[in-house]
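Now, the feature entries from Swiss-Prot:
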SITE      Arg18  site 'Transition state stabilizer'
ACT_SITE  Tyr23  active site, proton acceptor
BINDING   Asn74, His80, Asp87, Ile101, Ser102, Arg111  substrate binding site
ACT_SITE  His100  active site, proton donor
Amino acid sequence: MIKVLVLHGPNLNLLGVREPNIYGRVDFQTLNNLILQKAKEREIEVEIKQSNFEGQLIDWIQEYRDWADAIIINPGALTHYSYSLRDALLAFGKPVIEVHISNIYKREEFRHHSVIAPVALGQISGFGVNSYLLALEAIFLYFNK
């Protein structure tokens, strides 16, 4: 069975409340339930974590290194400047998919650059909460090619 660590970065716990015109009205718990449902359909075991702290995300990447076959991460604003998060994902050494609910390339200029994307298998953005489900599907296909 494929094992995936799903990491939600800063402010993602406020889904459904924070800027619903950008991030939608699906709340955080509903998103996690959708992820669990999709994972069950594909027989993928998932562990879901959220933190507003960069160091905690890095600790989880290191802690789950032996357990996880892949990581799905929405780094939030850390996408644009967190070289320590980037380095932790690189050290993970297995597939990483960067996800974003909004299309970061249709937003403010500072959001157009990701320091995470160069160390990721791929990036999925702009599909709302479905970005996470598409990432799970991509991981399933990656391991079942």
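Quick reminder: no glycine exception, Cβ is built from N, Cα and C everywhere.
Worth saying up front: this structure is predicted, and the values here are computed from it rather than measured.
Feature map: annotations from Swiss-Prot on the structure.
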| residue | record | Cβ neighbours (10 Å) |
| --- | --- | --- |
| Arg18 | site 'Transition state stabilizer' | 12 |
| Asn74 | substrate binding site | 25 |
| His80 | substrate binding site | 15 |
| Asp87 | substrate binding site | 14 |
| His100 | active site, proton donor | 23 |
| Ile101 | substrate binding site | 23 |
| Ser102 | substrate binding site | 18 |
- If one measures from the C-alpha of Asn74 (substrate binding site) to the C-alpha of His100 (active site, proton donor), what distance in angstrom results, rounded to a whole number? 6
- Query: DSSP on Asp87 (substrate binding site), three-state: which is it?
  - Reply: helix
- Query: At the level of the C-alpha atoms, what whole-angstrom distance separates His100 (active site, proton donor) and His80 (substrate binding site)?
  - Reply: 12
- Note on the structure: His80 (substrate binding site) -> DSSP, reduced to three states, gives helix
- Task: Provide, as an integer number of angstrom, the distance between the C-alpha atoms of Asp87 (substrate binding site) and Arg18 (site 'Transition state stabilizer').
- Result: 29
- Message: On the three-state reduction of DSSP, what should I expect for Ile101 (substrate binding site)?
- Response: coil
- Rounding to whole Å, the Cα atoms of Arg18 (site 'Transition state stabilizer') and Ile101 (substrate binding site) are apart by 12
- Could you say whether, by DSSP, Arg18 (site 'Transition state stabilizer') belongs to a helix, a strand or a coil region? coil
